[in-house]
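Down below is the structure, laid out as structure tokens.
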């Protein structure tokens, strides 16, 4: 037997051993916190989630994509592998997709959950993106989850449809993908559809998003009534009333008093009970009214100071009264 084949065979096994020994073990970072639900027969782009978490000194040599338990022939790596594309997905494309990043000394992987659904009335709440505006305000409605498709075409044309209110002059598209709604009304609520044209390989594909717009009641600021000043005398019994009026959707507030760094709340006196707070709540004219009474009995010289009534709500409000002693 010639010694030459033996030498080549030894070199081959040694090389394979060294490559296997040097290959870094791949760290599984688990599943990405967000799941993806996309429409059947429309392009889907998934991001490699761990790329943004890698340190600036990490040099990625290769990014690989695969689907757990299936062939990878439906996956199209784009943007140097940092995203993956499926052009005409079907429900069979639902599943777990894995992004693997490697270099000479490091390897990690992270998975994403993709669900492909059909467009139907029964699925509309599953596939729609909820957005909220307030009545009688100026609000915005944004075509959601399209950044990956417009990264290379910031001037992409986006067409809105699906709601009769789009013909109203109060709704204007000043920026692609954003509808400004002036003087929001209750009947602006509903489902709106935005469609983006995505071009890949010389072909045009539609990317559809459905927005479920909710219009919340107009926020009427809470009001507070409190005198600017009161005059009393030493030894007297003084009561100061602070009246807080709330309108829906704001229906509750914590009302308390502050003076010289001390807090005075209902059922929480200053130790000797000389200063106390009593709150009363009642409804009137669709308003919830909280009357907070600060009682000082007896009045001392040290009470010639300021007391602030604070209503902790959204937004919080406060007023201050000055106590003078004659």
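Cβ coordinates are placed from backbone N, Cα and C, and glycine is handled just like the others.
The signal peptide feature in Swiss-Prot is assigned to 1-18; the stated evidence is sequence analysis.
For the domain 'Ig-like 1' (24-115), residue counts in helix, strand and coil come to 9 helix, 43 strand, 40 coil, using DSSP. For 24-115, the entry in Swiss-Prot reads domain 'Ig-like 1'.
Of all Cβ atoms in the protein chains displayed, 26 besides its own lie within 10 Å of the Cβ of residue 48 (disulfide bond). Among the features that Swiss-Prot reports, disulfide bond is placed at 48-99 (among others).
Residues or ranges marked as N-linked glycosylation site in Swiss-Prot (evidence: sequence analysis): 80 (among others). In sequence order, 63 make up the list of same-chain residues 6 or more apart from residue 80 (N-linked glycosylation site) whose Cβ falls under 8 Å from its Cβ.
Among the features that Swiss-Prot reports, N-linked glycosylation site is placed at 103 (among others), with the record citing sequence analysis.
Annotation comment: Swiss-Prot describes 113 (among others) as N-linked glycosylation site. Counting only residues at least six positions away in the same chain, the Cβ atoms of 31, 32, 35, 36, 95, 96 sit under 8 Å from the Cβ of residue 113 (N-linked glycosylation site).
According to Swiss-Prot, the feature domain 'Ig-like 2' maps to 122-212. Counting residues per DSSP class in helix, strand and coil order gives 17 helix, 45 strand, 29 coil for the domain 'Ig-like 2' (122-212).
Sequence-distant neighbours of residue 194 (disulfide bond) (same chain, six or more apart, CB under 8 Å from its CB) are 143, 146, 158, 159, 160, 161, 177, 208, 209, 211, listed in sequence order. Positions annotated as disulfide bond by Swiss-Prot, on the basis of sequence analysis: 143-194 (among others).
Annotation for residue 206 (N-linked glycosylation site): same-chain Cβ neighbours under 8 Å, separated by at least 6 residues, are 42, 195, 196, 197, 198. Annotation comment: Swiss-Prot describes 206 (among others) as N-linked glycosylation site.
For the domain 'Ig-like 3' (221-322), DSSP puts the residue distribution at 3 helix, 60 strand, 39 coil. Taken from Swiss-Prot, the feature domain 'Ig-like 3' applies to 221-322.
Counted within 10 Å of its Cβ, the other Cβ atoms near residue 237 (N-linked glycosylation site) come to 10, all protein chains included. The annotation N-linked glycosylation site is assigned in Swiss-Prot to 237 (among others).
Residue environment of residue 242 (disulfide bond) contains 26 other Cβ atoms, counted within 10 Å of its Cβ in all protein chains. Summarising the annotation, Swiss-Prot assigns disulfide bond to 242-309 (among others) and lists sequence analysis as the type of evidence.
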**Report entry** Neighbourhood of residue 309 (disulfide bond), C-beta criterion under 8 angstroms, separation at least six
**Finding:** 224, 226, 242, 244, 255, 257, 292, 294, 318, 319, 320, 321
Query raised in the report: Using Cα coordinates, what distance in whole Å links residue 237 (N-linked glycosylation site) and residue 103 (N-linked glycosylation site)?
Result: 80
Query raised in the report: Counting only residues 6+ apart in the same chain, whose Cβ is under 8 Å from the Cβ of residue 99 (disulfide bond)?
Result: 48, 49, 50, 51, 63, 64, 65, 84, 109, 110, 111, 112
